[in-house]
């Protein structure tokens, strides 16, 4: 163990950094795109189901294949890796945003509208805060998946902890495989905990208590 | 204040919910819309704050066509209370109450002051302002729902079955509170309900709707007294019509049909023997045309039987009588206030047709309290037949 750390310690830190970077940027892009899209879908519920199934099809494409598809388009490196992971983050966040917003009590929404809230005010002051726990669940799910899948980025030269795993596979060195896997797992768990805390902080007080009361 | 002109609503599916509705509502008037589900009452109400678009016709609020106004601004100027209460679970009671104030960008101070002022109106402690909706009971929540509608003091308030989801006792309490509140505030209120008791209790005017049309729009008294047609009667229910009857029953419907009488040219001796035979202490005096001209009782005869021989010489000509079409409630008033034992009932030509005694009233009260009402009717019919 000590020997491994003295040989690969710095590399491990760098790779972990890369791994985090790839996952983080992909998930950030995912949130930035999927949350507004989910809100938009909630405004066109008739179309929404079909659109969501379409996004679902993207999800079913095997991850290795999607990474490979991006090589002719964007070459190798971090960018295609991030882009591919971004596609995977979309569905859970999109679907949870849509379901979360749909799930906001219709009477609360009607009251808001009847009081004279504009569409924008209704989204910002009512629907997003009330749908937040469901949206956050989608983001957490995506994040955990993405940190796992980000190991595949190594396959197209994106770097990250995947490099250790591929090296280990090629060189028949189980230690390297473990050196890639364990930190990735720990990262995923840590990210999930962190997001849980963020969710706690963002959930409006009145709602936390009403969940507890329920 | 509020005027509907030929207002029509046709939904996308082709269903006509409201047909050429015309109605004028005065300032400060409390109007209840009532009818079976699907009659268009809620649609009518929601068109006022443009939650539902008007297909044809115009609605004027304070003389201004609502279609010319921005819907968001319009809604902020009209109070709105819904059945499901719809308090924002993530906002405190204070934030909920002054929500419209927040939308109108009121300064924080003004909002605090207004919230404190309002919560006192419904008798809740100011500490409640910092609580969240889920900490309140259903009745308390709807009180806050009503306050929220009052926050920016709109002259017009729409209420969509606001007390429908509450238990009967709470509902009753809130109705009373709200009626009191309305007397102080003089808002113009459109109140949708399917509960007739609620409508009769609260409204200045009840608008009964069916299939998108107004069947009858009148004061509660007038609707109970003169239901426009069978539908209204049925909708009111027999029970309510009978319960409401002391208000609208005429004397003719409850009077006893056979008062004991004597002709004016009879002798006093005969009058006394009639009294003895019938076990009564006074007689109504008729002339040849059967018209009521006076009454005579045992006291009068006792004072005068030596001086006079005929009934019309001594009979009392000043007496209380009622026409058979007059209202029972006025008659009851007379009997009770003047302390008379009975009131003769006459028709338009002053011919005697019956009598209302204290015993008749006792029967009526008994039937209202214990009977199912049918007995009263049959009983009355029999009496009239006699």
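For all residues, glycine too, the Cβ spot is worked out from N, Cα and C.
Here the structure is a predicted model, which means the values were calculated and not measured.
Check TrEMBL against the ranges A:77-94, A:95-112 and you find transmembrane segment recorded for A:77-94.
Cβ atoms under 8 Å from those of the transmembrane segment (A:51-71) belong to residues 41, 80-81, 83-84, 87-88, 90-91, 94-95, 98, 149, 152-153, 155-156 of the same chain, restricted to positions at least 6 beyond its ends. Counting only same-chain residues 6+ beyond the ends of the transmembrane segment (A:20-39), those with a CB under 8 A from a CB of the stretch are 78, 81-83, 85-86, 88-90, 93-98, 100-101, 123, 127-128, 135, 138-139, 142-143, 146-147, 150, 153, 158-160, 187, 191. Long-range neighbours of the transmembrane segment (A:171-191) within the same chain, counting only residues 6 or more positions beyond its ends whose Cβ lies under 8 Å from a Cβ of the stretch, are 4, 8, 12, 15-16, 19-20, 23, 143-144, 147-148, 150-151, 161-165. With a threshold of 8 Å between CB atoms, the same-chain residues lying at least 6 positions outside the transmembrane segment (A:77-94) that come near it are 18, 21-23, 25-27, 29-31, 33-35, 37-38, 41, 52, 55-56, 58-59, 63, 66-67, 70-71, 135, 138-139, 141-143, 145-146, 149-150, 152-153, 156-160.
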